[in-house]
Amino acid sequence: MQSSGQKIIMHLDIDAFYATVSELLHPEYKNFPIAVGSLNSRTGIISSPNYLARSYGVKSAMPIFLAKELCPNLIILPCEHDIYQTYSNHFFQIVNKYCNKVEITSIDECFIDATNSIKKYHNNVRLLAAKIQNEVKNKLNLSISVGISFNKTIAKMATELNKPFGISIIDENKITNLIHELDISKIPFIGEIKSQELYAINIFKIKELIASNNKQKASLVLGSMYQNLVNDLKGLNEIKTIEDDIYKSISHSKTFNEDLNDFYEISNELNELISNVVNRLKKHNLMTNNISINIKYPNFQTKVKQKRLDYYTDDYQTIFLAIKNLFKKVYKDELVRLIGVSLNKLVPKESVKKQLFLFD
């Protein structure tokens with residue numbers, strides 16, 4: 001896949017991130033099945049197993065007692081979130097050296113729009129991917145997998161085809177053979193619940209999901225996301241750049257070293273998240289009129305609450321109070337594994353000023 005006027009979107013994902021970093025911190029467990037887990041939670045859940053543990057059937061979100069049944073010699077290591085964050089920061093610093101259009105989607109993965117950067121690498125996207133892989137490996141001792149395509153959905157799916165430390169490229173000619181035969185559970189973003197609902201109406205493979213005769217019943221399950229998803233899977237959507245996506249939302253989240261259920265402790269962590277997203281909002285000269293908060297529990301279930309503001313703003317106090325009020329409504333004294341905030345429906349500050357000027 002080489003640059004020929006078409007977008008080049010790369011998805012970069014650090015392989016078994018938490019487990020690999022913990023393995024680096026504990027070299028005595030090299031070549032042992034290990035997993036990062038929350039031993040102090042009520043449930044005891046696996047957060048991230050290394051690849052050796054996965055070969056025994058150990059998976060993320062699996063109860064620790066069940067993981068131990070599958071792999072009796074499994075070593076459970078505590079979460080070291082501050083250290084993970086340090087490694088993550090170094091990873092994104094490396095990525096930004098190669099491309100300035102980067103969309104960070106979590107602590108260990110991102111998308112880059114390499115459409116314009118690829119010229120520096122002889123229009124060879126595989127060469128660019130390998131250079132990033134090798135620098136991350138040499139400097140951080142982490143392996144990353146790279147998926148490359150012309151939209152984010154297909155690029156993310158490509159990453160999963162050749163893990164760990166793989167490079168997968170999917171162009172229009174390969175979609176039918178590599179993507180359409182896959183199970184619908186392989187589609188990013190739809191989740192296990194939606195997958196089960198699609199199974200219940202006899203839609204099992206991607207080719208069945210995108211078939212025109214299944215449109216009506218699939219739309220009932222997937223709602224407004226159906227058409228965009230199908231267009232992505234068919235390769236029909238005009239690709240928006242990473243710069244375009246910056247104007248959709250700004251978000252930040254934190255996974256706790258131990259599950260928390262103290263309101264004030266969680267609230268203090270929330271304060272830092274709010275400060276982070278508002279500072280980024282101001283840095284990009286943007287404003288928002290929609291905020292959301294998401295909470296992930298030890299069993300990996302997630303609760304999301306959203307609120308529309310009466311007007312566009314970048315005012316810290318306004319956003320702070322809105323998010324804190326939202327948190328008070330959604331939090332019910334449960335143990336919390338992760339908390340995140342998001343500013344949505346973003347617009348350039350200048351455009352809001354122009355609209356106000358029209359009514360002066």
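Using the three backbone atoms N, Cα and C, a Cβ is placed for every residue, glycine included.
Pulled from Swiss-Prot, these are the features on record:
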- Glu109: active site (ACT_SITE)
- Asp13, Asp108: Mg(2+) binding site (BINDING)
- 9-191: domain 'UmuC' (DOMAIN)
- Tyr18: site 'Substrate discrimination' (SITE)
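Structural mapping of features recorded in Swiss-Prot.
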{"residue": "Asp13", "record": "Mg(2+) binding site", "DSSP class": "strand"}
{"residue": "Tyr18", "record": "site 'Substrate discrimination'", "DSSP class": "helix"}
{"residue": "Asp108", "record": "Mg(2+) binding site", "DSSP class": "coil"}
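On the backbone, the CA of Asp13 (Mg(2+) binding site) and the CA of the residue listed as 'active site' stand 4 Å apart. For the pair Tyr18 (site 'Substrate discrimination') and Asp108 (Mg(2+) binding site), the Cα-Cα distance reads 9 Å. Around the Cβ of Asp108 (Mg(2+) binding site), 23 further Cβ atoms fall within 10 Å across all displayed protein chains. For the domain 'UmuC' (9-191), the model's average pLDDT works out to 90. Taking the Cβ of Asp13 (Mg(2+) binding site) as centre and 10 Å as the limit, one finds 20 other Cβ atoms among all the protein chains shown.
Counting only residues at least six positions away in the same chain, the Cβ atoms of His11, Leu12, Asp13, Ile14 sit under 8 Å from the Cβ of Glu109 (active site). Residue environment of Tyr18 (site 'Substrate discrimination') contains 26 other Cβ atoms, counted within 10 Å of its Cβ in all protein chains.
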